[in-house]
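A quick write-up on the structure given underneath.
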Amino acid sequence: MRDLLNLFKQPGAQLEDFDAIRIGLASPEMIRSWSYGEVKKPETINYRTFKPERDGLFCAKIFGPVKDYECLCGKYKRLKHRGVVCEKCGVEVTVAKVRRERMGHIDLASPVAHIWFLKSLPSRIGLLLDMTLRDVERVLYFEAYIVIEPGMTPLEQGQLLTDEQYLEAVEEHGDEFDARMGAEAVLEILKGMDLEAEARRLRDDIEATGSESKIKRLSKRLKLLEAFLESGNKPEWLIMTVLPVLPPDLRPLVPLDGGRFATSDLNDLYRRVINRNNRLKRLLELAAPDIIVRNEKRMLQESVDALLDNGRRGRAITGTNKRPLKSLADMIKGKQGRFRQNLLGKRVDYSGRSVIVVGPTLRLHQCGLPKRMALELFKPFIFSKLQRRGLATTIKAAKKMVERETGEVWDILDEVIREHPVLLNRAPTLHRLGIQAFEPVLIEGKAIQLHPLVCTAYNADFDGDQMAVHVPLSLEAQLESRAMMMSTNNILSPASGEPIIVPSQDVVLGIYYMTRERVNARGEGMRLAGVEEVHRAYQTGAAELGARVEVRIRERVFDDSGEMVERVQRRQTTIGRALLFDIVPDGLPFEAVDRELDKKGVSGLVNACYRRVGLKGTVVFADQLMYTGFFYSTKAGVSIGVDDMEVPTDKEEALRSAEEEVREIEDQYASGLVTSGERYNKVVDIWAHTNDQVAGAMMEKMGKETVVDAEGNETEQKSLNSIFIMADSGARGSAAQIRQLAGMRGLMAKPDGSIIETPITANFREGLNVLQYFISTHGARKGLADTALKTANSGYLTRRLVDVSQDLVVTEEDCGTTDGLVQTPIIEGGDVVETLAERVLGRVVAEDVAVPGSTDIAVEAGTLLDEDWVERLERMGVDEIKVRSAVTCETRHGVCAKCYGRDLARGHGVNIGEAVGVIAAQSIGEPGTQLTMRTFHIGGAASRAAAVSQVEVRNTGKARLHNIKTVQHHSGSYVAVSRSGELTVMDEYGRERERYKIPYGAVLSVGDEDPVEAGQVVANWDPHTHPIVTEVDGYVRFHDFVEGVTVQREVDEVTGLSSLVVTDPKSRGTGEHKRQVTNANGKVTEERVAYKDLRPMIKLVDGDGNDLNIAGTQIPAHYYLPAGAIVSLEDNAEVRVGDALARIPQEASKTRDITGGLPRVADLFEARKPKEPAILAEASGTVGFGKETKGKQRLIITKADGETHEELIPKWRNVTVFEGEHVEKGETIADGEPNPHDILRLLGVTKLAEYIVQEIQDVFRLQGVGINDKHIEVIVRQMLRKTIVSDPGDSLHLKGEQVDRAKLLEENEQLQAQDKQPAQWEPSLLGITKASLSTESFISAASFQETTRVLTEAATRGIRDDLRGLKENVIVGRLIPAGTGFAYHAARRQEAPAPAATPEQQAEEVFASLGQGEGEGPSPSDEASGPEVE
C-alpha cells in the first residue's frame, strides 16, 4: 500500500500517456514551481568529507539525498523513515534517483535577456521591439539608454540615447521622463506592450502600403505578435528574472583516483553565474557607484549567455585546457548532442560482434553463431531454463554452472536457441536489408558464419568485415523477426523489385560453366532416357558437361488456366543443362535453363521462379543453385595464367594508324585550321576510338577459339579462356578491366577530371614504363581521395532524404483521385532505354486505357498492373498510360495504397502502415554510397565516350522532325537553326522507335515525313564547336569589333592565317571607345562607350550597305557574339544562307562518373537554382522584341487575347526564339539548365515531377543502378508539402505566407462550410533540407539540423507537436506509427480514456507542476483527451 501512495509522490510517474507535446516560454513563476529551493552558493562538495555543501550546486536539501533512503547527517536511515524531512540537515528521506529530476533555481539580482531569443536570427526581442539587433545589444550590454516612458518630453518611446544625450535630456527635462539601460529597461518595455493593439495597427499598415519589401517586414512582425497572442506566451518572459538549475545528477562531479575531480562543464558555468550574481547583490546592498554596478550587471548577462549557449556572443568561455566549455545548448545539438547520440540511436544490450566468415553449407535462413557468443547472449534464457529444470536452485547457482560450462548448459543452450531468431547487422546500415534475421546454428570457433547469398544485401565481403548480433527478447520481437525480417522474406530489393538474393562470383561461374555448350565434347550425340541417366553418364565419365545430347525431359508447368500439368518431351540439350534442370522447382519450364546462363540470366531465373513458384520454392531453389554453383565452379578448376591475357595481333597496326591521325591533326593545328581546344578534343577522340578498336579486337580474339567438330571440319566456338569466361559470365571483372590487362590501358584522367591526351598504349601484361606508371598513379590517387569524400557526402544526402520523408506512411486504401502521371517509354537516341512495361509495372492505372486504333477499353482505371498485364499492353502496342502517383495523391497525412501501387519488396499491393517514405529515402541513398565507393574500380581510366557527331538511323521507317526550323543551304542540304529540335523515327505502326536531339547548326539530309533506311546517316555536325548560322544572303559588317579590346586577332605562327576571338567583357580592362553614331536625320555624332559595354556583333547588309532583315520578319539580321566565339571571316565578306558566321568552341567533356552525379542528385533534391537557368516563356503567344536597355534585350510575348508580357533578358544569353515565332507557356526561350521552381510555376506539379524523376534517373542509369520511379516521386511529394498563400480570402493567413498543404486544405473546408471565402494558394517547392526544417513537428526538425533556431522559433510560437511522424515517436520512446506500430497507434487513439479521476487537490498539483496554472485541467487535444506534456 505504501508503494501505491509513493507513486503519487514521484513527480515523473504521472505522465506515461500523452498525445502531444507543447513547447513554450517558461514564466518566472513556472520556473519557481519546478524548483525545490534556491541555489545560493557556488560551492559544490566538501573536498574532505565528499559531502555536498549546503545551498550549493549539489545541495542535498534542495536536490535530494545522495544515498537511497538516507539523510545527509545520518540521523534517518532505512525504508521505514520514507518521506521524513530531517530536522537537522533538512534532507527528505527518499530514493537518490530524485537527484536526476529535482531542479533548483537562482534568483537573479538583475533581469537577464535569454540569448536564444536575442541572437538566434531573426532576433525575437528585436522583432517585438521593432529595433535592430545591434540596438538591442547596445541597450542590454549597457552602451546606451532606452526611453521607457517619454512623459511630456519630445522624446519617443524606444528611442536610444548615448550617455551624453541622456545627461543633456536630464538637464533639460529633469525627471519628466524615464530612460534606463540593461535588461530591466527592455523588460519594462515588453511588459508595457499591448500586443492586440499593435497587431491591429500592423494589419492596417499592411493593407495601406503597396511596397513588397515593407509588407514582408511588417508581416514578419505581425506573425510573431500573433504567435504570442495565440500561444499565451507573454513577451516579458523573453527576459529571465529566475534561472533554473539543472538536477545535479545530470551534471555530475566524479572523484577520480588521486584526489582530483572530473566535472561537467555546466558546473563551471553555473558557478560563474552564482558568483557574479552574489557579488551584484552585495554591490546593490552597498549602493555602489553606478559604473561598478553596471559592469557587474553586464558580466552577469554574459555569464548567463555562456551558460545557455556558449560562444554565440563574443568569445566562448574556455576551461583550463583552452577548450570552450559545453553549454546547455551544446548538450542537445549536433551529432554528439542529446537528440542524435542518445534519443535516436542507443547502444543495445544482448548484442555482440565478431568477424564474419563464409558459410557455404548454411541454408538461406541460417547463420553460424560461435558457441561462446551464444552462451553469453542467451544467458537469461539459460538461467530460467536451468531453474525450471531444477538443475539449479538459484540464479546464482545457475550463473556458476554457466561459468563452469558444464555439459547440461550446452544441451540447454541448444534448446534455447532452437527457433529463436537473431538479428545480424553490418554497419553502415544503408537500407533496411542491412539488418536481417537468421536462425542461429551453433559452431566452434569465434567467427560468425554468414550465408553467401545475403552478402549483396549487406554489401559484405570476407576480407575482415565485422557484424553485430542482436537478440530479440520479447515474444512480439521474435515474431516480427521471423515474419518480416527473416532473410528468406527479403528476396526482392525494395529499391527496384529485382531479386537481391542473387548468386554472384563463384556460383555464377559454376552455373555458366555448366550451361556452356562445347563442340565435339565427349559423349556428344548420346540419347538418354531421363535426368537420372544424365547423372550416370556424367559421373561415370561417359559424357562431359558441355556435350550436346538428346534427353527425355519431364517438366511440370502451369497451363493457361493456372493448373499444374506434366509434359514429357525429348529435347536436344547439353548434359550440364539437364543436370541443372534437376534442381529447378516445379512450375518453371525447361526453356528457363536451356540456354547459356550468365549473371543476368541467373538473376532472371530467380526472378521468374519468384513470380511463378512463390517465396518458399524460390528460397529452396536459391540454396540449391548456390550449392550446385559452388560444386561445378570447383569442378571447372578455373585458374588465371599470364597466357590467358592474349594481346591482339592488330594492336600495333591500330596504334600506328592512330598516331598518323594525331600527327595529321597536329599539322592542321600548325596550319591554323583548328584551334588548340579543337585539336585537344579531336586527339582525345581518336585515342578513345582506338582504345575501343583494340579492346574489340582483343575480346574477339579471346572470346573465340577454333576447334574440330565430329565430322573433322574446323568451326569456331566461344572460348574457354579463364579470364574470358569470368568476364563473360559476369562473375568477376569486366571488358574494361580485361582491356587494361591485354589491350591498352587507354586514356587517363588528371586529378581535376580532365583527360591527359597522351594515352597509355601499354597494358599490364606488357608492363608500363616509368612515365606511363606515373600517369596512371596520377589519376588513381584522385580515385581514392574521392572515395573518402563521397562516402561522407552520400551519407549526408541519405540523412537529409530520410529526414524529409520519414513521416510519410501509407494511411488509407484509396484517396479517390483520378489524377496521375502520364508514362511513356524512355528513348535515348536509337535505344529504348526503358520500355513502357518496365515503367508502369506495379502501378495503378488512373484512367481507362484504350486499345490503340479503337475505342475498346484495354485496362480499366484502378487496375494494379502486374507482369501479365504489362505483357498484354506491350503486345497491343499501347505507348502511353496515365498511372496514379504519390505526387498527385490527395490523402492529407501520408499517401494511399492505390497511388503508391505495388510494394516492391513483396510483389503485391502495398499494405496500410508501410513506411514508404523511409524506404524511398533508403533506396535513393544506398546506391549513392555504393557508387561513390565504387569510383576507382576502373582505376582512373577515363571512360569517355567518343563525341557523337551524326545521327545514324537503326530502323527503317519514316523520319519526323519536331520543332526543328531549317534553312536550305546553297549546296542543297538543310541546316537546323532551332535548338530544342528532335528527330524521331516511326515504324510502320506509327510507334516511336528512336529519338535524337538535333543540335543547332546540324546538316540534315532528310525532311519531315521522308522515308529512311536502317543505317542511313540523316544528320551530322561538328561536335566540338557550336556554329552561328546565317539565314540570309548578304555581306558581313563587323560592329563593335575593336582589336585588342573586344576581339583578339590570333595569327597562327605556322600558317599566317588569322582569326578573331571575342574576349570576355570581364577581362577587358577599363577605358572608353569612341564610335560614330548616325541619328535619324543622317547626322553623324560621336559617342563614348566603356570597353566592357561594347557588344561585338555581325550585321548582314545588302550591296548598298542597308541592314538586312531575317526572312519573313522585321528583325534585323544582327548576330551577337558571346565570349570565346571565333570569327574566320573578314569584314565585308559575302555569305550565303546556311553558312557559319562564327564558331563557339565547346568545352572538353570531363569524365562523368557519379561524382558528377552525386552533387547533381543533391542539387535536384535541394531544388537549387542553376547558375545560368534556362529562361522559360511566362505565357503562350507570339514573340516580339522591344526597346533594348544597356545590357538587356526586351522580349515581349503577345497572348491570343492581345495582352502582353515583357521580360528583360541579358544580351549575352543565347535567345533561341525569333520574332514572330509562337511559343507555348513554359517553353525554353534562352538555353540553360531549367530551374525547377520555374517548371512548377509555369507547367505544374506533374511536369515538375517528371523532370526531377527523369534527371535523377539519368544519373543513376549512367551507373547502371536500378531505382523505381516511385521512390523519387515520394520524395518530390514531400518537397511539395508547403503552399504559398496567394490570396488569404477570409482566412487568418497573410499573402505570401508559407502554410502546410494539409493544414490549409482543412482550414479551407471549414471556411467553405461557413460560407466564407477560402484562401487561394499555389504549390511551393522546397529543397529537402528546407522541407525537413519546416515540418509540422518541431521535435523532428530540431533533431535534424539547426537545433537552436528550430527550438527558439517553436517556443515563441508555442507549437504543439502531435507526434505524427516516425522520428518524433522514436524520440519520445514509443512504437513508430508505421508497420506493426500502426495498429498500436490506431488502438491508442480509440481507447484514449478520460484522465483518471484523482482527488481535486492532486490534479491541481499535477497541472501546477506542469506549469499549466492552477488546475486549468488538460487542454483538449486533436484526437484524444490525454493531457499534453509541456
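Every residue, even glycine, has its Cβ placed from backbone N, Cα and C.
Annotation comment: Swiss-Prot describes C71, C73, C86, C89 as Zn(2+) 1 binding site, evidence class sequence analysis. Under DSSP, C71 (Zn(2+) 1 binding site) is assigned to coil, being neither helix nor strand in the three-state scheme. Neighbours of C71 (Zn(2+) 1 binding site), defined as other CB atoms within 10 A of its CB across all chains, total 25.
The Mg(2+) binding site annotation in Swiss-Prot covers D461, D463, D465 and rests on sequence analysis. Under DSSP, D465 (Mg(2+) binding site) is assigned to coil, being neither helix nor strand in the three-state scheme. Other C-beta atoms found within 10 angstroms of the C-beta of D465 (Mg(2+) binding site) number 16, with every protein chain shown included.
Residues or ranges marked as Zn(2+) 2 binding site in Swiss-Prot (evidence: sequence analysis): C815, C889, C896, C899. For C889 (Zn(2+) 2 binding site), the same-chain residues lying six or more positions away in sequence with a CB closer than 8 A to its CB are C815, T817, V895, C896, C899, Y900, R1277.
Taken from Swiss-Prot, the feature region 'Disordered' covers 1388-1430.
Sequence annotations record features per position, and here Swiss-Prot assigns compositional bias 'Low complexity' to 1392-1405.
Candidate binding-site residues: D461, D463, D465. Nearest to C73 (Zn(2+) 1 binding site) by Cα distance: D465.
Ranked by Cα separation from D461 (Mg(2+) binding site), the binding-site residues C71, C86, C89 are led by C71. Here D463 (Mg(2+) binding site) is compared against the binding-site residues C71, C86, C89, and the shortest C-alpha distance is to C71. Listed binding-site residues: D461, D463; maximum Cβ neighbour count within 10 Å falls on D461.
Annotated pair D465 (Mg(2+) binding site) and C89 (Zn(2+) 1 binding site), C-alpha to C-alpha distance, rounded: 58 Å. Less than 8 angstroms from the CB of C89 (Zn(2+) 1 binding site) sit R54, A60, K61, C71, L72, C73, K75, each of them six or more residues away in the same chain. Around the Cβ of C815 (Zn(2+) 2 binding site), a 10 Å sphere holds 19 further Cβ atoms from the protein chains shown.
The Cβ centroid of C815, C889, C896, C899 marks the Zn(2+) 2 site; residues of that chain outside this set whose Cβ lies within 8 Å of it are E812, D814, T817, R884, A886, T888, E890, T891, V895, A897, K898, Y900, given in sequence order. When other Cβ atoms within 10 Å of the Cβ of C73 (Zn(2+) 1 binding site) are tallied across all protein chains shown, the result is 14.
When Cβ neighbours within 10 Å are tallied across all protein chains shown, the highest count among the binding-site residues C86, C896, C899 belongs to C899. Excluding C71, C73, C86, C89, which define the Zn(2+) 1 site, the same chain contributes A60, L72, G74, K75, Y76, K88, G90, V91 within 8 Å (Cβ to the Cβ centroid), listed in sequence order.
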